[in-house]
Amino acid sequence: MDVNPTLLFLKVPAQNAISTTFPYTGDPPYSHGTGTGYTMDTVNRTHQYSERGKWTTNTETGAPQLNPIDGPLPEDNEPSGYAQTDCVLEAMAFLEESHPGIFENSCLETMEVVQQTRVDKLTQGRQTYDWTLNRNQPAATALANTIEVFRSNGLTANESGRLIDFLKDVMESMDKEEIEITTHFQRKRRVRDNMTKKMVTQRTIGKKKQRVNKRSYLIRALTLNTMTKDAERGKLKRRAIATPGMQIRGFVYFVETLARSICEKLEQSGLPVGGNEKKAKLANVVRKMMTNSQDTELSFTITGDNTKWNENQNPRMFLAMITYITKNQPEWFRNILSIAPIMFSNKMARLGKGYMFESKRMKLRTQIPAEMLASIDLKYFNESTRKKIEKIRPLLIDGTASLSPGMMMGMFNMLSTVLGVSILNLGQKKYTKTTYWWDGLQSSDDFALIVNAPNHEGIQAGVDRFYRTCKLVGINMSKKKSYINKTGTFEFTSFFYRYGFVANFSMELPSFGVSGINESADMSIGVTVIKNNMINNDLGPATAQMALQLFIKDYRYTYRCHRGDTQIQTRRSFELKKLWDQTQSKAGLLVSDGGPNLYNIRNLHIPEVCLKWELMDEDYQGRLCNPLNPFVSHKEIESVNNAVVMPAHGPAKSMEYDAVATTHSWIPKRNRSILNTSQRGILEDEQMYQKCCNLFEKFFPSSSYRRPVGISSMVEAMVSRARIDARIDFESGRIKKEEFSEIMKICSTIEELRRQK
């Protein structure tokens with residue numbers, strides 16, 4: 001049957017159909033191969049936007065640096081990064097004038113956070129550039145490695161566990177003439193296999209100590225590693241994103257804490273809130289502008305787009321902003337906040353893996369690492385790559401490119417929002433001193449601008465003034481990609497506003513379906529997604545019921561758990577039929593055990609185990625909720641778990657779902673192929689750290705400690721705790737004398753071993 005798609009829309013208002021035009025169904029595009037080319041693009045573009053700035057050389061690292069601040073004022077509409085310091089400071093001053101006490105209060109809040117934050121804050125976050133191994137690592141491992149190296153170089157302030165003390169170590173490490181690090185390496189040798197008599201390659205992992213001089217250490221400390229951003233929809237080209245190392249992370253965290261605190265107090269800021277709270281905030285600004293534009297006034301809204309926001313921002317401007325925001329604050333506080341922008345003014349971008357060459361004729365492949373790009377003959381590359389390399393060569397040092405101007409993606413979202421809002425704030429009539437005035441919304445690089453004026457000329461003049469004011473602080477509104485409409489219809493951060501926000505349901509599409517964690521979590525996440533969309537995204541009851549049926553179908557096909565009385569044959573059907581036949585109360589079987597689905601749109605908030613508990617056979621209950629079941633390795637049992645769901649744009653968001661741990665909550669084991677690579681040593685370190693933490697938690701009831709960082713302080717704590725506990729147990733008669741003396745002996749042995757090490 002042919003369906004003419006336009007018929008579907010006859011009854012749908014146009015603004016509700018917009019979501020069907022989004023590129024959000026199906027798999028998003030992923031990148032393969034290296035990100036080196038994308039990173040070079042970023043570095044070259046950033047320098048191009050600031051090319052009329054001043055060149056200097058960093059005295060410590062020898063890196064050439066371009067400073068566009070207070071550079072020439074733009075004469076055309078091309079994007080440029082020539083922010084003017086005095087303009088930025090003035091915008092800050094006016095922002096403070098309109099919000100008395102805002103900076104002062106935010107500083108006080110931040111100071112409290114700075115003094116209380118623990119080092120383990122840095123274990124949050126995924127991939128982090130690990131400077132000791134010169135590659136990316138999970139955040140916790142990278143932090144442990146950094147602290148381990150600090151300790152072996154006599155830097156121990158961090159053992160207090162406070163983040164601020166760790167940052168003191170970071171500062172001191174930069175003054176050291178050299179630093180000793182431990183690296184992992186791999187030896188290969190050919191040996192004959194006894195069994196098969198064939199030659200095989202045997203790999204052994206070694207650790208070696210290596211000394212790094214001050215210059216090399218500084219380069220590593222200032223390095224941002226780069227990767228390609230994956231799963232970006234609606235784009236033809238990929239782009240590079242940055243992962244900073246541990247030295248930078250802590251300082252950035254404090255700056256962003258301050259900026260977040262300011263954003264929370266600004267009505268035009270789309271950060272840090274999200275979801276319905278954000279919609280309410282936005283609706284308020286629109287309402288204000290529409291009520292104030294009396295019948296005599298026109299009101300227009302620009303759905304704004306900025307050209308290359310990050311590449312035209314400048315860390316030196318952020319330094320100026322922080323200096324202004326923290327005036328009158330204690331010296332130590334001002335210093336700690338100014339370090340992040342200073343480090344970013346001296347940052348180096350690591351070019352990634354380099355290029356892969358292959359010869360079709362000789363079936364050979366070879367990797368050209370980024371370090372070689374400075375010296376390799378360019379005849380091997382195609383035209384466009386050759387141009388990129390030629391351009392970037394003067395900036396290269398040890399396979400990293402000096403990148404002083406520009407901010408890499410996602411580093412200072414909050415602070416750059418403060419800058420954007422400060423320009424929106426200048427639109428008040430008392431500042432424009434004329435008949436037009438503006439207001440708007442800002443969320444990182446996305447903005448919506450609402451301009452009111454008595455006539456069209458006034459609107460045009462207002463937009464022009466906004467455009468030029470932005471240029472003065474390094475913000476480039478794109479005239480090609482921004483569009484203007486009568487107020488009441490616009491888009492901001494993918495929220496579509498049409499006299500109120502329209503649900504953009506297509507954005508949620510990717511998060512429907514089976515997540516693939518395990519049977520228990522998948523069922524729970526699936527129904528929670530449907531429930532959340534009924535609450536937040538206008539998912540109607542009929543559609544929700546259909547979504548639920550499709551989800552159950554999908555779930556059964558994924559886990560091959562069709563109902564016990566079905567005719568469908570799968571690998572599991574024999575076992576499931578057997579279970580079905582011997583179960584008295586068949587309604588009590590979970591869907592993943594071939595039971596019926598009891599969910600409907602009214603009971604989506606109840607975990608399946610709870611929904612069916614009363615209906616289950618007793619022996620089934622006993623098997624299902626049995627912590628001693630040998631086939632299941634359990635996570636800690638928490639009542640609420642977090643799932644990562646993929647909305648269509650923006651980062652993966654965390655979604656809470658009810659977690660009832662059953663024998664279906666299994667955890668898949670890690671892929672073994674990593675065990676044959678040079679990363680094996682790293683993996684062993686990570687497991688060792690994990691084991692040590694678990695052991696530590698056995699010693700200390702969870703209330704009495706905060707998770708420690710680094711291994712040696714943990715050992716001391718456990719030994720002394722063991723001694724105290726043993727003495728108490730011995731004196732109260734819970735353990736015998738022999739046991740007591742054995743424990744004491746073990747403790748002494750451990751201490752002896754540590755002294756020898």
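Glycine is treated like the rest: Cβ placed from N, Cα and C.
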Next item on the list: For the motif 'Nuclear localization signal' entry in Swiss-Prot, name the matching range from 34-42, 124-132, 187-195, 673-681.
Entry: 187-195
Next item on the list: Six or more residues out from either end of the region 'Disordered' (52-82), which same-chain residues have a Cβ under 8 Å from its Cβ atoms?
Entry: 46, 214-215, 218-219, 222, 307-308, 311-314, 316-317, 345-346, 348, 394-395, 397, 402, 404-406, 471-472, 474, 476, 478-479
Checklist line | Long-range neighbours of the motif 'Nuclear localization signal' (187-195), counting only residues six or more past its ends (CB under 8 A) | finding: 201-206
Check: Going by DSSP, how much of the motif 'Nuclear localization signal' (187-195) is helix, how much is strand and how much is coil, in residues?
Finding: 0 helix, 6 strand, 3 coil
Next item on the list: For the domain 'RdRp catalytic' (286-483), provide the mean pLDDT of the predicted model.
Entry: 94
